[in-house]
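One structure is given below, encoded as structure tokens.
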Amino acid sequence: MVDVMGHLAMALLWALPAWFVWHDRVSAVFVAIAVFVAPIPDADKYLAMAFPDSFHHHGLTHTIVFAVAAALVIGALAAWLLTDRVDEWVDGDRFDASSMFVFATGAVLVGYLSHVFADMLSAPDISTPIEPLWPFVDGSWGLDLIWYNNPLWNVGFLAVMVVAHGVLAYSAFKVDHPYRIQNA
């Protein structure tokens, strides 16, 4: 597992294509959902403290099956609770409940699976093995590429991703102020 900054950076990496698929505010909503969801799989740390016989880190909440189930539930909740609010905020793109469900489910999958992928890159170090393909494949699957507490990986990668998103957001949003250079 990488630390929280690494998970946020990986979610930002996986969400980069949003800036090329949608325009300005829609992309920002997608990125925000993905980044907000990215730390959720680590809830199993707290579940393991409360229910030590039933949960362990890198267990159920770090599987693709759980990611899909969580995305469907959160997507349904977003469609129910956020459709009107997002539709008002994005100006011009029509968000009905079904499109909000698909949009939110996709954003949740991106954020959630980015977390699982990041843990697969660093899981064998000092943590319990990660089994992302359970129940279809029994056993762990991970690579020991990144030490989970590596500041260059966590802080550096996050800084690069924040700058990349800043550049893409700046180019996507129309900035209108008195000092803008106008085309003739």
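Cβ from N, Cα, C; glycine included.
Residues or ranges marked as transmembrane segment in TrEMBL: 12-40 (among others).
What TrEMBL records for 60-83 (among others) is transmembrane segment. For the transmembrane segment (60-83), the list of distant contacts is 33, 37, 40-44, 47, 95-98, 100-106, 108-109, 112-113, 115-116, 119, 130-136: same-chain residues at least six beyond its ends, Cβ to Cβ under 8 Å.
Residues 7, 10-11, 13-15, 18, 29-30, 33-38, 40-41, 64, 67-68, 70-72, 74-76, 78-80, 82-83, 86-87 of the same chain sit 6 or more residues outside the transmembrane segment (95-114) yet have a Cβ under 8 Å from a Cβ within it. Positions annotated as transmembrane segment by TrEMBL: 95-114 (among others).
The transmembrane segment annotation in TrEMBL covers 152-173 (among others). Sequence-distant contacts of the transmembrane segment (152-173) (same chain, six or more residues past either end, CB-CB distance under 8 Å): 2-3, 5-6, 8-10, 12-13, 15-16, 19, 23-25, 27-28, 31, 146.
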Taking a Cβ cut-off under 8 Å, which residues six or more beyond the ends of the transmembrane segment (12-40) line up next to it in the same chain? 4, 61, 70, 74, 78, 86, 89-91, 93, 103-104, 106-108, 110-115, 117, 157-158, 161-162, 164-165, 168-169, 171-174
